[in-house]
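Noted in TrEMBL for the protein shown:
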DOMAIN    27-208  domain 'Aminopeptidase N-like N-terminal'
DOMAIN    244-459  domain 'Peptidase M1 membrane alanine aminopeptidase'
BINDING   HIS315, HIS319, GLU338  Zn(2+) binding site
ACT_SITE  GLU316  active site, proton acceptor
SITE      TYR400  site 'Transition state stabilizer'
DOMAIN    546-778  domain 'ERAP1-like C-terminal'
Amino acid sequence: MNIMNQNEEQKLEHFKGQSRLPKFATPHRYDLALKPNLELCNFSGSVLVDLSILESTRFLVLNSIDLVITESSFTDSNNHKVVPSEVVVDNDAEMLVLVFEAPLGVGEGALEINFTGILNEHMKGFYKGTYVDGVRKNMAVTQFEPADARRCFPCWDEPALKATFKITADNIPSQLTALSNMPVSKETINGDYKTICFEETPIMSTYLVAVVIGLFDYIEETTADGVRVRAYCPVDKSEKGKLALSISIKALELYTKYFSMPYTLPKLDMVAVPDFSGGAMENYGLITFRETELLHDNLHSAATNIQRLSIVVTHEVGHQWFGNLVTMEWWTHLWLNEGFATWVSYLATDVLFPEWRIWTQFLEVTAGGLRIDSLEQSHPVEVEVENASSVLEVFDAISYKKGSSLVRMLKEYLGDEIFQKSLSSYMKKYAFKNAKTEDLWSVLTEESGFEVNKLMDIWTKQTGYPLIHVRFENNNLEFVQTRFMSLELQSEGQWIVPITLSLGSYNNHKKFVLETKVGKLDLSELYHSYYTSLKQDGNEIDEKMWVKVNIGHTGFYRVKYDSTLTARLRKAIQDKCLSPEDKFGILDDTYALCEAGEESILSLLSLMDLYRDDLDYLVLSRLISVCYNVAKILKDAIYDPWNHLNQFFIDLIISSSEKLGVEPVSGESHLNTMLREEVFMALATFSHKETHEELKKRFQTYINDKNTSVFPVDIRKAAYISIMRTSSALERSDFDSLLKLYREADAVQEKTRILSCIASSPESDIVTEVLNLMFSNEI
C-alpha cells in the first residue's frame, strides 16, 4: 500500500472493518473474461462493470480477496477516463478500495479492472479440481455461494446488488468443455486452445455466477417449453445421468405450473464435479453436483441413493425460482432460499414418485430441525448476519430443516389452494428482484386474509419451539406451553401455535390457534360427534377415547400428555388405530422428552416395545434410530446393561428382518427395499451373530464373483458393517478385502458406501488405521 496523506487516511478509515459495502455505486452489468492456466493452476482476468454513481465520491468500494489487481480505471459517460491514485486492499474486510484524486460525479460510468489469481485447492471461489482421463488431470470449477465470487473477480458481492453478466472463457484446451450460466454465443479455435463467449445472463446475484471447465460427456432433452436440459457426466458415463435428467425435466415443468411462472433461461445444465464441497449448488442455469448426487448406477445405486438423487435434483431446480429468480435481500433471510427449496423438493418428489410416500419421510426433516433447535446453542431462523464471511454458520438444520418445516406447518394451516396462489403472486411480484421474509408474509396475508406475520414472526425471529403439555380434566383439554429444551435445560418462550387434534378417530378432528401460555378446549362437541358417528352409548367406550395432538406431526412442536391420555394413546397404538405419522411423532416426542428428563427411560422402552411388529418404513426407521440413540446414552451410563439392551434392540426388529428377507422380492415397494437396508444395518450394528455370518458369507461370494446375485446392493452397507465389527488386527482378511474393493471400485456410490462403514470397528487399532487412511491423499 502506498503512503497516503493524513486526510486520505481518515477517509479511508471509514471503510475499515465495515461488513457491508457503501452505497456510493451500484453495478448493472459485468463483462467478465477469465483466462485459466490449468497446468500452472492460476488465472488472469478482466472485468468491465457498467455502474451508476449514486453520490459524488472519491472512493469506489467493492469486494475482492486473494486477487492481485494489475490495472484499473474508471470512464464516465463523457468518455473521460481516470486512473485511481491509490488501490487499497483490505484483506480483513475482503474489500478493494479505489481512491481517485477528484470526486466521481453522479451518473453512469464503467469501471475496468485487470487481475490475476490462483486456482486454489479449497473448493471455493475459482478452484482447481481433478478428473481422470487415463491419468489425473486438472479442471477448473467455481463455487461462489455464499460470498466467494470475490475470489474470482472484483465485484459487488452482495445478493441484493444484482446485475447481468457477459462471460468469456479464454485459453481453454480445445478438448475440454467450458460451461457457464448461459448458452455459448461464439467459439473460436486457436490451435490447441479455444475462446468461448457466452450469452448475457438475465439480472442475477454474484453468488449464482458459475464457470466449469473440464472433460465431460452429456445427454440432453428439451422441455415442452423449449428449455434445453443437459446432464454432464464423466467421459463414457453419460448414461448415469439419465435419471437426473428425467427428474429435472419433469421438475421444471411442474414448478412452471405450480408457481405460474416459466423458467427464465434458455437452458439448464447439470454437471457432476469430482471435487465438490457440498451436495449441490443451484447456480443459475448451471447446477453443480457432487458426483454421488447426480449419477445413478444401475448396479451400485441403492434405493436410498435414488431417493436422495431425486430430493437433491428437485431441490436445486426449485432454487431456480426460490433463490435465483427471487433472491433474499441479505443472508439474514437465507432460510427463504433453503427452507423453501427443501420444502418444494418434497412437493415435486411426491408428484414424481407418489409410491414413495415422501411426505411421511419429511417427518425425518422435521425431527432433525426439532433436535437441533432444542439445543442451547441454537439460533433463530432469521439470524442477523453482520458479515458475509460468517454466513456459512447458518447453512445448517435451522435454515433447511426448521425452515422447511415451518413452511409446511403454515401451508397446512392456510390450505393448499391459498398457499399455492400466494406463492405465484410472490413470484410475479418479486421476479428478478430481492425480498425479505416480511415481503413473503405480506403476500400471504393479502391472499389469505389471515395475519400471517403475526403468527410467523415469532417462529422465525425467536429461537426454539414449544412443548405443549396436554391434560384431561372434566371433559376439557388443558394446554400449557413452555419452551422445549434438551438435556434438562430451562428457558422461557411463548409462541402462537396452530394446534390440530383428533379424538377417537381421524374423522373427528379440530384445529385452533393457541395464542396464550395456557388454554382450554371443551371436548363436548367432539365427544358428541364421535358418539353419534358410532351410534353407541358414550360410557361404553370412554376408556378407549384417545386424543392425539399435532395430527400427522406437521406442527413444529412437541407434545407431552398426562398419564390418562398417555395410557389411551398407547392402547390406540396396540389396537392399530393411529397413522404411521402419528406413531412416528409419539415415539420421537417420547425419546426427546426422555433425553430432556421429562420422561423415564423405562417409559420409553415400554413404548418401543409396542412397535415390535410394525413393518411401516417410517415407524420402523424411527424405532431403529431411537435404538441407536438409547444405546449411545446407556452404554456408559448404567452398569453392564449392554448385552441385555443389545438383545432387546435385536428382538424389536428381528421379526421384520425375517419378513423382509435378505434378498429383494420381485415387485416389492421402494420403501421395503430401503427398510431392508436399515433393518440389516441395525442387526449388524447390534452384533446379531447370525446376521454377521450370513452377510460375511455373501460378501466372500461377491469377492470371488462380482456377477453373483447373492449380494444385492441394498444389503451391502450392512455387510460392510458386519465385516468391520468382526475384524481385528489378528483376523483382518475381510477388512483387507474391503479395502481392496474400495480401491478397485469404479462407481462413486460404492466407494462412498464403503467409506461410510469402514470405521465401524470396535478395535482401536483398526479404527486408527482407518483414520490415517481418511487423512491420506488416497481419499
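Each position is counted from 1, following the chain as shown.
In case you wondered, yes, glycine gets a Cβ from its N, Cα and C as well.
Annotated features taken from TrEMBL, shown on the structure.
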residue: HIS315; record: Zn(2+) binding site; Cβ contacts under 8 Å, 6 or more apart: ALA280, GLU282, ALA341, THR342, VAL344, SER345
residue: GLU316; record: active site, proton acceptor; Cβ contacts under 8 Å, 6 or more apart: MET270, ALA280, MET281, GLU282, ILE287, PHE289, ALA341
residue: HIS319; record: Zn(2+) binding site; Cβ contacts under 8 Å, 6 or more apart: GLU282, ASN337, ALA341
residue: GLU338; record: Zn(2+) binding site; Cβ contacts under 8 Å, 6 or more apart: PHE395, SER399, TYR400, GLY403, SER404
Other residues, Cβ within 8 Å of HIS315, HIS319, GLU338 Cβ centroid (Zn(2+) site): GLU282, GLU316, GLY318, PHE322, GLY323, ASN337, PHE340, ALA341, THR342, VAL344, SER345
Other CB atoms, at most 10 A from the CB of TYR400 (site 'Transition state stabilizer'): 24
